[in-house]
Amino acid sequence: MADRSERGPLAPTVTLRRTFREFWPDTRGMRRFFAAGVVFAVLAALCEVIAIRLFGHITDEVLTTRDMSAFWTPASAWLGLAAVAGVTSIAGTYATAVGAERFLLRLRDRVFAHLQKLSPDFAENRRLGDLMARLTDDIEAIEELMGSGLVKLVTTAASAVFFAGAAFFIRWDLALITLALFPAFLIASKVFASRFRTASATERASNGDMNSVIEEGLANQALVHAYNREASESRRLHRAGRGWLRANLRQAWLAGVYGPLMQVLETVGLIVVLGVGAWEIATGRLTLGGLLAFAAYLAMLYPAVQSLGEIALTVSEAAAGSDRVIEVLKVRPAVTDREGATPLPGRSRGAIAFDHVTFTYPGRKRPTLVDLSFTVEPGELVACTGPSGAGKSTLAKLLLRFYDPSGGRVLLDGIDLRDLTRASVRDNITILHQETLLFSGSVRDNIAYGRPDASTEEVMAAAELAGVHEFVKTLPHGYDSPVGQRGRLLSGGQRQRVAIARAILRDAPVLVLDEPMTGLDEATVARVMEPLRRLMTGRTTIMITHDLRHVPRDARVINLEPAAPPRAPVRFRRWASGAEFLTR
Ligand SMILES: Nc1ncnc2c1ncn2[C@@H]1O[C@H](COP(=O)(O)OP(=O)(O)OP(=O)(O)O)[C@@H](O)[C@H]1O
């Protein structure tokens, strides 16, 4: 069998201006740190300019004349300047780091908060490792563009101006000759920057691919072992790693060629200066100290110009990261609170109605639900059955407003869910999923997840009702025992009972059970059933299940058929046993 593909598509390229428009507001509050970084770095550069001038002075006044008495004053000044340059440089680096780290924190928070607003299906349909890479490495790349990169750009440009200015001050005509090389610098960096951007985009995407393979492989390790797929998973990682390696080598090659090319240009400049300078000294228009200082300014100026070119490469790399983050930020939540939406007044009575609901998933052509109508009275238990793919779980997603119907209405207490705030709808509904969802943390943390303010007594009482107490007694640290990643340290039945305790503690008036018995054996089902009945008591319950054996006898049964347009309107038919079928 062929191995699964691990390559995700490259994110669409966005312009630098769009990147700045998107992220510049996030630098609010940090700009003063970046400004301080610039000021200190510029001060340090100024110190260097003066130090070189002192070096020229010492050459002419001490070395050429061999007069030691003229040495001490400029030498002490030079030392003082070096100390000032050191301190300002440290201050600049630290201020920039403070701004950069705070910006990173804010940006990560923002992107994560955005991801949290998207429908849960979004994360499920994406490769988690790739999403994680966007929240870590790609965000760092954006910081390099907007924060430390910008500081570097301004300070390097300022240094270049200082060194060029000082060179002009010594000999403007000589400086003009050397400046003639600058266009060559700029053309070279432009040519390299576009290639570097393509290589960086590939490298970013490959990084996401590798993360995805590692995340999936570790999360599904039991499946990998059971199916003897260790070697193929390793091959997948190797392939993703090779993609990353190729992209990195391409970057290294470009950076490697770029450096020496700049050096050649730099050397040409220096040789021209020395040649012309020697001739000027011979004609007495320039001192040796002047020429050496000029050459030293040039030796500082060229790396600064080279750095400017390198910043263009960093910008390319950062832009590739920002493309990937903007791609995620552009995804709009499937559902938002409409203007004027109000919270549900008080606790819901638990009256639910689906009124001619039609629903098509975004990006799908065929509807999943067509013209579906039914009601559930307060406190009633309704079992929803039907073949796989009929749309049973979709019904739960509409009730929790993960999506809005494409046609018709879903009502809670007679109010269209779209007129209510999402938070108040979800506060009144608890869902128990097919796969019990637990966070790594203690048993207590997981039970209190829906009500973090609950007292220990309340947690214990819920645990008692859910049958958690009997197995918690056997755990080494009782309620403080860790449940492991996704609750893997507990058995399936234990996990389900923790989830029931969590639901009992939350005490919402509406309960949705989405195949809560899936994967449990008969003995475990029997143990879970009793706590489940306690949970259902007094609540409106929709129980989604394949298996009618788990449905309590007093339940009204709704059978959902897969949508097959064109369809006739939905109507109920009495079933011999008293249950009802949804038919079309
Ligand atoms: N996020 C999604 N995006 C696109 N289509 C989806 C999505 N989730 C479900 N579907 C499609 O909607 C249809 C109904 O899915 P749903 O999960 O509601 O069925 P179900 O009746 O609960 O099935 P099962 O009993 O197997 O869990 C399926 O054809 C499925 O492929």
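Note: Cβ is positioned from N, Cα and C throughout, glycine not excepted.
Because the structure is a prediction, the values reported are computed rather than measured.
Per TrEMBL, the feature domain 'ABC transmembrane type-1' maps to 35-317.
According to TrEMBL, the domain 'ABC transporter' annotation covers 352-584.
Annotated transmembrane segment per TrEMBL: 33-55 (among others), in sequence order. Outside the transmembrane segment (33-55) by six or more residues, the chain places 27, 74, 77-78, 81-82, 84-85, 88-89, 91-93, 95-96, 98-99, 102, 147-148, 150-151, 154-155, 158-159, 162-163, 166, 289, 292-293, 296-297, 300 with a CB less than 8 A from a CB of the stretch.
Nonlocal intrachain contacts for the transmembrane segment (75-100), taken as residues 6+ away from its ends with a CB within less than 8 angstroms of a stretch CB, comprise 27, 30-34, 36-41, 43-44, 47-48, 50-51, 54-55, 58, 143, 147-148, 151, 155. According to TrEMBL, the transmembrane segment annotation covers 75-100 (among others).
For 150-170 (among others), the entry in TrEMBL reads transmembrane segment.
Under the heading transmembrane segment, TrEMBL lists 176-193 (among others). For the transmembrane segment (176-193), the list of distant contacts is 164, 167, 254, 257-258, 261-262, 265, 268-269, 272-273, 276, 298, 301, 305-306, 308-310, 312-313, 315-316: same-chain residues at least six beyond its ends, Cβ to Cβ under 8 Å.
As annotated by TrEMBL, transmembrane segment applies to 252-279 (among others).
Per TrEMBL, transmembrane segment is recorded for 285-305 (among others).
Here the transmembrane segment (252-279) has long-range neighbours at 174, 177-178, 181, 184-185, 188-189, 192, 195-196, 199, 286, 291, 294-295, 298-299, 302-303, 306, 309-310, 313, meaning same-chain residues at least 6 beyond its ends whose C-beta is under 8 angstroms from one of its own. Listed as Cβ neighbours of the transmembrane segment (150-170) (distance under 8 Å, sequence separation of 6 or more from its ends, same chain) are residues 34, 37-38, 41-42, 45-46, 48-49, 52-53, 56, 92, 96, 99, 178-179, 286, 290, 293-294, 297-298, 300-301, 304-305, 307-308, 311, 314. For the domain 'ABC transporter' (352-584), the mean pLDDT of the prediction comes to 82.
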